[in-house]
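Here the structure is laid out as structure tokens; the discussion comes afterwards.
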Amino acid sequence: RGLFGGGGESVQPQTLQDVAENIRERRCKRVVVMAGAGISTPSGIPDFRTCRSPGSGLYDNLQQYDLPYAEAIFEIGFFHRNPNPFFALAKELYPGNYQPNLTHYFVRLLHQKGQLLRMYTQNIDGLERHQVAGVPPEMLVEAHGTFATATCTSCLRKYDGEELRPEVMSGAVPRCPTCKGVVKPDIVFFGEELPLSFFKYLTDFPLADLLIVMGTSLEVEPFASLAGAVRSSVPRLLINRDLVGPFAWGRRPHDVTQLGDVVTGVKELVDALGWTQELDALMAAGSQEV
Ligand code: OAD
């Protein structure tokens, strides 16, 4: 056990079980979660790596649009010239098509236990949201934006995502009734500012007593660098298929990695916490609501 084991301070973790003990014994009460596309692949949404490879439904879908390269779909310059590929993706990802999985409900449970400081997600599928997996808005930072709101690229008029739904679902590019400009969902494109809520990290990360990173390649900045923004004494847990970011090249002594499938890893953590029944109940209630 670590030096500070007895005094109510965190045990310096070596394993997933140690991390679980710190959460269970409420030594960690300000947990920050960072997530990416890998937590939604179990819900059926291909991540960015997979959707670059032939055979993924989304990729095949996008082939017809002749993208010069996969990232072009999130480039604002490309969007202004040709919004069609993005709206093909929007049709696929529009709220309602996919259901959250165990990883999303785990974050909600962490919140219900009063131990979530904030969840930072790069995902634009909205599966964490209050109306879906049940993470309240004030607990969630959607760092790369959301389909829940939209803005006219010409007159900047604001829209609710639901107002665009019929046009998006019919495969059309939504237009502003006032000025006929293209209405773009508030997804953050490369070359655009991140939402103001992202800057909560400035106060959250120094306060965190545990960081859980799951389902991200930690390749896209500035999000990726947040993993280095917790204090150096704070344990970081990676649950991911492969080693990424500082877990690969800048390992700290209290870093713990759980490699493999993210649902399996989170399940193992939940089992070690003794929260399995509660999580099952949340998921059962959630799927009934849906
Ligand atoms: P990536 O697709 O780059 O990385 C997903 C990570 O999750 C990879 O490390 C996969 O190995 C891992 N993974 C996938 N499925 C998994 C599973 N079932 N179990 C465990 N691990 C799994 O996705 P992000 O890191 O989210 O930008 O990508 C970041 C950003 O790049 C996105 O937000 C997007 C994109 O360009 C914008 O939307 C602006």
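The first residue you see is number 1, and the count goes up from there.
Glycine is treated like the rest: Cβ placed from N, Cα and C.
Those TrEMBL annotations? Automatic predictions, nothing curated.
Per TrEMBL, the feature active site, proton acceptor maps to His144. In the structure as shown, the Cβ atom of His144 (active site, proton acceptor) sits within 10 Å of 22 other Cβ atoms.
Sequence-distant contacts (6 or more apart, same chain, Cβ under 8 Å) of Phe48 (NAD(+) binding site) comprise Ala37, Ala70, Ser217. As annotated by TrEMBL, NAD(+) binding site applies to 37-41, 47-49, 122-125, 216-217, 240-242.
Sequence annotations record features per position, and here TrEMBL assigns Zn(2+) binding site to Cys152, Cys155, Cys176, Cys179. DSSP gives Cys152 (Zn(2+) binding site) a strand state.
Look at TrEMBL and you will find 9-276 tagged as domain 'Deacetylase sirtuin-type'.
Note on proximity: of the recorded positions Ser40, Asn123, His144, Thr216, Arg241, the one nearest Cys152 (Zn(2+) binding site) is His144, by Cα distance. Of the recorded residues, Ser40 (NAD(+) binding site) and Cys155 (Zn(2+) binding site) place their C-alpha atoms 34 Å from one another.
Closest in space to Asn123 (NAD(+) binding site), of the recorded positions given as His144, Cys155, Cys176, Cys179, is His144, taking the CA atom of each residue. If you measure from the Cα atom of Cys179 (Zn(2+) binding site) to that of Thr216 (NAD(+) binding site), you get 39 Å. Same-chain residues that are not part of Cys152, Cys155, Cys176, Cys179 yet have a Cβ within 8 Å of the Cβ center of the Zn(2+) site turn out to be Thr153, Ser154, Leu156, Arg157, Thr178, Lys180, Gly181, Val183. Taking only the Cα positions, the spacing between Cys155 (Zn(2+) binding site) and Thr216 (NAD(+) binding site) is 35 angstrom.
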